[in-house]
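Per TrEMBL, these features apply:
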- B:Asp86, B:Asp88, B:Asp90: Mg(2+) binding site (BINDING)
- B:Cys87, B:Cys103, B:Cys110: Zn(2+) binding site (BINDING)
- B:39-111: domain 'Phosphoribosyl-AMP cyclohydrolase' (DOMAIN)
Number of protein chains: 2
Amino acid sequence: MGPMSTSSLDPAVAARLKRSADGLVPAIAQQYDTGEVLMLGWMDDEALHRTLTTGRCTYWSRSRQEYWVKGDTSGHYQHVKSVALDCDADTVLVKVDQVGAACHTGARTCFDADVLLSDAD
Amino acid sequence: MGPMSTSSLDPAVAARLKRSADGLVPAIAQQYDTGEVLMLGWMDDEALHRTLTTGRCTYWSRSRQEYWVKGDTSGHYQHVKSVALDCDADTVLVKVDQVGAACHTGARTCFDADVLLSDAD
């Protein structure tokens, strides 16, 4: 498996999904109750299929070139609550219940540490 | 101007920004008070610079190949409240105050219309 290969994703969804040249779409993970944006990962058709059907958010790791069930190593799973495509079908929003820290640094979200601007009016 | 060209972005930020092959990073726009994820756009260095310095969220339009101040056509500006990079410096999160609808369809967010899965346990 891997980007651009055959997947079990619902053909109706696959038909409207607009992938980048590398066969991937960005996937935003958001904590379902607090609204925190936790991280952004990448999905191919099969990662989206697994996210929709296994209840655990699954990405395609561009660095490792393999599927990556968030939490399989760290225990910090993302339990899937809802999944939506955007109006162009080129981005996925997954609302999840994040176990522990979303970021590999131990921070709650991947956007906590490198703030460029805050409290602008 | 355009992706990969010279920008006025702070050199310290430019040095750690990790761009895709096309010179862009995904930028998530989130309503600062409700937490709604509004849309995902793309930024090059100059779009990020303009977002940080003008107070209005500015993207690089991949389809039109030009800078795009969200709201210049529709009036639906995104007033910038905060900007952060993620832990890998390859994604931007912009918290904004969205005027009107974020989506060109008139929906409040770009993720309202195409729900693939909801209310999973």
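Cβ from N, Cα, C; glycine included.
Heads up, TrEMBL stuff is auto-annotated, nobody curated it.
Features as recorded by TrEMBL, highlighted on the structure.
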residue  : record              : DSSP class
B:Asp86  : Mg(2+) binding site : coil
B:Cys103 : Zn(2+) binding site : coil
B:Cys110 : Zn(2+) binding site : coil
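If you measure from the Cα atom of B:Asp90 (Mg(2+) binding site) to that of B:Cys110 (Zn(2+) binding site), you get 22 Å.
Each of the binding-site residues B:Cys87, B:Cys103, B:Cys110 was assessed for Cβ neighbours inside 10 Å, and the highest tally belongs to B:Cys110. Within its own chain, B:Asp86 (Mg(2+) binding site) has B:Val92, B:Leu93 as residues 6 or more apart in sequence whose C-beta sits under 8 angstroms from its own. On the 0 to 100 pLDDT scale, the domain 'Phosphoribosyl-AMP cyclohydrolase' (B:39-111) averages 97 in the predicted structure. In this structure, the C-alpha atom of B:Cys110 (Zn(2+) binding site) lies 25 angstrom from that of B:Asp88 (Mg(2+) binding site). Recorded residues B:Cys103 (Zn(2+) binding site) and B:Asp88 (Mg(2+) binding site) have their alpha carbons 28 Å apart, per Cα-Cα distance.
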